Structure formats: structure tokens, C-alpha cells
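Enquirer: Here you go, one structure.
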Amino acid sequence: MNIFEELKARGLVFQTTDEEALVKALTEGQVSYYTGYDPTADSLHLGHLVAILTSRRLQLAGHKPYALVGGATGLIGDPSFKDAERILQTKETVLDWSQKIKEQLSCFLDFDNGENKAELVNNYDWFSQISFIDFLRDVGKHFTINYMMSKDSVKKRIETGISYTEFAYQVMQGYDFYELNAKHNVTLQIGGSDQWGNMTAGTELLRKKADKTGHVMTVPLITDATGKKFGKSEGNAIWLDAKKTSPYEMYQFWLNVMDDDAVRFLKIFTFLSLDEIAAIEEQFNAARHERLAQKTLAREVVTLVHGEAAYQQALNITEQLFAGAIKNLSAAELKQGLSNVPNYQVQAEDSLNIVDMLVTAGISPSKRQAREDLQNGAIYLNGERLQDLDYSLSTADRIDNQLTVIRRGKKKYAVLTY
């Protein structure tokens, strides 16, 4: 099975410009290819991982990746399928975000070894050197307005209004391909399926300006079995930066993937072989309640993104919280595992009597209910049942002198911080 066949088998090929020519190029020698990442935030997220890992698979097959950080295009904003114009960021912000994205990409691509080691480029380096007049004369003249307006990515915005700034975005992305081809002999661009219009602008410019053929391959935009956009949890993006999304949160995200998605995601997001995935699928289908596919997915992706130690910590937090063994975890681990739990900052004037604190922290709606909860054995302090109505919290109840965990029943938590 050649690399293109494997990508197809993993569900990673959505559309190509000329499949036969692309397969021929990939099987006959080393291909230099690139994927672009606009710095629209200070971190990449799970949605970016599809293209990043596809790029890594091609590198492992002997091809040479170029990771393009859009320091210039990030200043403009891609209008593709957006309902409204993006808020323009300052140059300083985009520069800072560009640097952070560079650092993240180095975790996935090999920038150090072999003749096909990855290269990092920033399109600000060339766009900052081109005058507006030269850009219009040398690049703009190759694009007709009819061609630019025909792109599905901007048709919707034409109806509601689009600035010239965003309208010109596809020409800038097209020039990226031309520049990388001229300087590095890059002949293939990889990106999300929503980028098709911008990406083919590059092959158009290559054909008209240099009389060369470029290839485009898009990866699918991933949705779950219900059709919901992938990569978000409770409406929040799952970031690759551990400071924005903890390894535990990422672990839980994968652990809660639906059965109908789990095996498909193993093919897309892990480097397990297709034979290994087939064996997992067989075991998974025989006992879905054991969630083997989800557990494997969580292990593989968290280890890939954050490392083995972070995976082991996420697994330990999961197991200890499930067992109610709060005292087996550090304050730092509890902050990860209980990040979505209501947090109450204890004030100097607060009563530390347990009945009062249950009401103050929002665990029980009233003192009467708090007393009943205690008497019925429904209250747990740092994982241990508490029934003493006269109990007062002390420094001994603070884990690492930072926090106390109170639970009512099985699921209602509050974290007290000091």
C-alpha cells in the first residue's frame, strides 16, 4: 500500500486536483509539500491536528514538509465560509501567536533529521518585501474578478458584504504557493476542505505565471456521528496548548467520543497501523461497554500531543476521581480534574462550620437541606463521608494547603480555595 492509498484508507483524502498525477508524483520520488496555519489564536486546536498528522504521515513516507505560518495572511483574515469579517489583530499579537504556533508544530514534525526534515516558513517574510504596486502588477493581473467571485468560500459573503481586504485573501494564499514553489520546489499543498478555493488559487497562479503544475489535496473537516463540528467540548475548542486545555480535559474528550466515531477517529488521529486498528475494532465490537476504542484513542492522542507522563497523570486523575479517592491526588491534579466544577473562594469572614459552608459554596440550597444531607450520609469531604453537623473546616482539610473538595451524592462538587 503506497502512502496515498493509506491516506485514503484512513479517510484523509477529501479532494485532489489531479489524483492520477499526484499519486504518480508521490510514488516516483520525494515531493516537497506545505500546509499553512494562520495565527488566529495563540494555540492550534484539535481541528488543526488532521492536517498536521497528515503532513507527518507524508514525512514518514519520505516526503519533505514545509510548515507555513501565516504571519501576513493572519493580519488579513480568511473569509472562507465565515458569516462575518474577522476582527483584525495587531501586528504584535499576530507575531506573538505565530511564534507559539511554530513551537507547537515542532512537537509533531521532525525539523532536525534527514534530508526530508521539515522547514518552517512565515509568509510575512515575503509579503513585507513586496510593494502594493508590484503585487497588483505581478500577481493581481493573473486573477479575474469572475474567477475570484466564483469561489464557494466567498459567494455567501458577497451577498452579505465582504471587504476588499478579505476578498484579496485568496490571491495572497495563491502567492504563497508560487513563492514556495519558486524557492523550495514545493509542488503540493495540503489543507482543510474549506480551503479548496484558496488552495486552487495557488495552482492557477503557478500555471499562469510560471507555466507549472501544482497539486492540491484537502483533508475532510471532521464531524461526529451527529454531524456536529468536531474538536469542541461544551462549545469550547480543545486546544493543543496544555495551559488552555489540560491533558486531563483532552483525555476526557476522547474518552467520551461516541461509539460510531471511535474507530474512524483511530484511523485519523493515531499512528497505529490499519491492521492494529482492525484488531481493536473487532474487540471493541464484541464488548462495546468496555470502550476499548475510546481508551486507546485517548491514550494515543494525549501521549502524542502532551507526552507519556501527561497521559499517565490524566489516567490516574480519572481513576482516582472515579473511586472518590480525592486525597490520592495533588492540588494541581485536582485543579485539572475538577476544572469545570464550581469554585468558591473562602473569605476571611465566612463561617467554617460545615452546615454553613455547604450553603455558602452552593452544595446545599438551605441549612435545613444541608443538615439532612449530612445526616443521610450524602456529604463527602475530600472523598470521605462526613455526618458531623458540628464539624468545622480547618487547615488539616486543605490539600497542599490550597483547596478542599466537597461532594454531595455522586456528582455535585464544589472546590473551596483559600
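Just so it is clear, glycine is given a Cβ too, placed from its N, Cα and C backbone atoms.
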Enquirer: If you check Swiss-Prot, which stretch out of 89-93, 224-228, 229-233 is marked motif ''KMSKS' region'?
Expert: 229-233
Enquirer: So which range, 39-48, 189-198, gets flagged motif ''HIGH' region' in Swiss-Prot?
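Expert: Range annotated as motif ''HIGH' region' by Swiss-Prot: 39-48.
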Enquirer: DSSP three-state call for Q173 (L-tyrosine binding site): helix, strand or coil?
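Expert: Looking at the DSSP assignment, Q173 (L-tyrosine binding site) belongs to a helix.
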